[in-house]
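According to TrEMBL, the protein has these features:
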| type | residues | note |
| --- | --- | --- |
| TRANSMEM | 49-67 | transmembrane segment |
| BINDING | GLY55, ALA57, VAL58, ASN62, SER295, ASN327, LEU392, ASP395, SER396 | Na(+) binding site |
| TRANSMEM | 79-100 | transmembrane segment |
| TRANSMEM | 121-148 | transmembrane segment |
| DISULFID | CYS160-CYS169 | disulfide bond |
| TRANSMEM | 212-229 | transmembrane segment |
| TRANSMEM | 241-265 | transmembrane segment |
| TRANSMEM | 285-306 | transmembrane segment |
| TRANSMEM | 326-345 | transmembrane segment |
| TRANSMEM | 380-400 | transmembrane segment |
| TRANSMEM | 421-446 | transmembrane segment |
| TRANSMEM | 452-475 | transmembrane segment |
| TRANSMEM | 496-518 | transmembrane segment |
| TRANSMEM | 530-552 | transmembrane segment |
Amino acid sequence: MGPKEVELILVKEQNGVQFTSSTLVASACNETAASVSDERETWGKKIDFLLSVIGFAVDLANVWRFPYLCYKNGGGAFLVPYLFFMVIAGMPLFYMELALGQYNREGAAGVWKICPIFKGVGFTVILISLYVGFYYNVIISWALFYLFSSFTDELPWVHCNNTWNSPNCSDWADNSSVNDIYKVTPAQEYFDRGVLHIQDSNGIDDLGRPRWQLTSCLAVVIVVLYFSLWKGVKTSGKVVWVTATMPYVVLTVLLLRGVTLPGAIDGIKAYLSVDFLRLCDAKVWIEAATQICFSLGVGFGVLIAFSSYNKFSNNCYRDAIITSSINSLTSFFSGFVVFSFLGYLSQKHNVALDKVARDGAGLVFVIYPEAIATLPGSSVWAVIFFIMLLTLGIDSAMGGMESVITGLIDEFKFLHKHRELFTLFIVVSTFLISLFCVTNGGMYVFTLLDYFAAGTSILFGVLIEAIGIAWFYGVDRFSDDIEEMIGHRPSRYWRLCWKFVSPCFLLVMVIVSFATFHPPTYGTYTFPPWATTVGWCLAMSSMAMVPLYAIYKLCSLPGKFCDRLAYAITPETDHHLVDQGEVRQFTHFLLV
């Protein structure tokens with residue numbers, strides 16, 4: 001174990017006699033960690049943790065965003081900036097959060113006992129996870145609605161003879177103008193008019209009542225989430241055995257079917273075509289960096305919450321490498337599945353691939369169902385596909401809710417005894433807010449939340465998190481913590497990334513996010529200025545937690561400003577050193 005650091009403390013009694021006591025700092029830390037470890041619940045099996053992290057990180061965006069970005073930005077060449085940012089920022093930040101949660105054994109807010117002035121960033125990420133839950137569960141309810149609708153002999157988005165269709169609806173074969181494809185196909189009208197009923201709303205200021213069909217689906221999702229989370233990781237760790245593995249089974253089945261379709265190879269070739277000249281475009285690098293920021297799930301507090309239930313000696317370094325690599329490989333693999341079907345659809349309807357290639361909800365709720373509907377046994381394939389979407393969404397939603405629940409019950413200890421009731425309160429509150437997204441104009445609320453809830457704010461949160469750990473708590477001390485857990489210190493590469501590279505990367509991304517901002521739109525609908533203002537208020541409400549808590553902390557501590565600042569940036573376990581005039585944090589700024 002090597003030499004221990006001995007700490008001498010002088011205690012002066014009232015009678016004037018001084019006593020000197022000595023303690024082994026490392027031993028004290030170990031005893032504290034051991035006592036916390038004994039009290040805190042842990043994962044039933046190591047694989048429960050790995051599947052939970054993979055299930056959270058691998059979500060719908062792996063299917064509906066990465067393949068399209070790859071195709072649009074130079075095909076295989078897009079992997080160059082993507083992997084570059086993965087190595088310098090994605091993996092280091094992923095590793096940092098896993099280690100932070102595992103060592104401190106608390107949620108996103110509680111871990112900041114290492115530097116109390118930064119606890120506000122913990123509340124920032126908890127709020128962001130809560131906001132995301134308001135609309136992410138709605139996506140799952142759409143998938144559930146489609147799943148129920150697939151149990152028919154003929155899928156409802158095949159023809160234009162339904163009550164929800166408009167006079168402009170026409171089948172692919174009847175379309176004389178390729179430019180009208182996305183506006184008038186039965187699949188597009190089924191999503192817009194049959195599911196969302198957006199035709200009954202004039203905009204975000206005309207929402208209407210929640211639609212009972214989507215409300216029922218949303219209620220089912222909430223019930224599933226509650227009974228997956230109410231007992232903690234003992235229950236959620238078992239649910240992910242299904243939700244985290246099912247997508248891989250379904251993706252493999254869909255790929256085997258997709259590659260047998262005519263035109264599939266052309267689609268895959270287009271997906272993988274390499275155009276290195278696209279790397280000269282700064283936008284390609286920005287989109288690769290943005291995808292890394294959001295695809296790994298860093299900054300939502302989920303990784304911290306999940307790893308806090310690990311055993312103290314768990315090898316979090318190996319976990320970080322394995323899970324972040326699987327996430328990226330899944331994104332790449334899903335591209336073969338998506339573009340095999342897009343290539344087939346392109347050839348079948350004799351249109352260019354770029355006319356059918358889309359990202360976001362349009363891909364998984366319009367284009368992909370359209371392709372599936374043309375297959376023999378289309379109802380079976382539709383059921384399989386939407387089961388995959390459900391499982392992709394459920395475990396990611398579970399992760400977001402667990403971040404909120406763990407973060408708050410660790411901060412407010414009395415909630416530990418009432419986890420079931422508190423979990424019920426959180427999921428019901430989420431359900432009630434989500435009702436705004438299942439009204440006739442709910443898609444406008446959904447778009448606004450999606451645009452502002454976890455955009456610039458999540459980048460800002462991770463930036464402050466990285467600064468707090470690397471520059472205030474100290475990379476050297478953080479490395480000591482990791483060595484105490486896994487037996488060896490992170491290499492200089494990881495320490496340099498934490499200290500300089502990742503914070504600089506995040507700072508640039510925050511600046512770019514503000515500089516490239518443009519008001520949200522949905523199709524041809526432009527949001528009114530007041531809606532954009534509300535969106536920014538939502539984003540700022542989470543970011544404001546950082547300065548507000550810092551001000552509160554500085555005002556609530558005793559003594560002069562310098563003393564209060566010293567207490568605020570010093571780990572709570574070292575506050576007695578501040579009394580002696582020693583502030584270790586001031587010595588960490590140049591240590592790597």
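Glycine too: its Cβ is placed from the backbone N, Cα and C atoms.
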Ranked first among 49-67, 212-229, 241-265 for CB pairs under 8 angstroms with the transmembrane segment (121-148): 212-229
Non-site residues, in chain order, whose CB comes within 8 A of the mean position of the CB atoms of GLY55, ALA57, VAL58, ASN62, SER295, ASN327, LEU392, ASP395, SER396 at Na(+): ILE54, PHE56, ASP59, ALA61, GLY297, THR330
CB contact flag for the transmembrane segment (79-100) and the transmembrane segment (421-446), at least three pairs under 8 A: no
Proximity of the transmembrane segment (241-265) to the transmembrane segment (496-518), 3+ C-beta pairs under 8 angstroms: no
Cβ packing number for CYS169 (disulfide bond), 10 Å threshold: 20
Recorded stretch that, among 285-306, 380-400, 452-475, 530-552, has the most CB pairs under 8 Å to the transmembrane segment (326-345): 285-306
Contact between the transmembrane segment (285-306) and the transmembrane segment (380-400) (at least 3 Cβ pairs under 8 Å, separation 6+): yes
CYS160 (disulfide bond) and SER396 (Na(+) binding site), Cα-Cα, nearest whole angstrom: 35
CB contacts for SER396 (Na(+) binding site) [other CB atoms within 10 A, all chains]: 27
Pairwise CA distance, GLY55 (Na(+) binding site) versus CYS160 (disulfide bond), rounded so that it is a whole Å: 37
Between SER295 (Na(+) binding site) and CYS169 (disulfide bond), the C-alpha gap once rounded to whole angstrom: 36
Among the ranges 49-67, 380-400, 421-446, 452-475, the one whose Cβ pairs under 8 Å to the transmembrane segment (212-229) are most numerous: 421-446
Winner by Cβ contact number (other Cβ atoms within 10 Å) across the recorded positions VAL58, CYS160, LEU392: LEU392
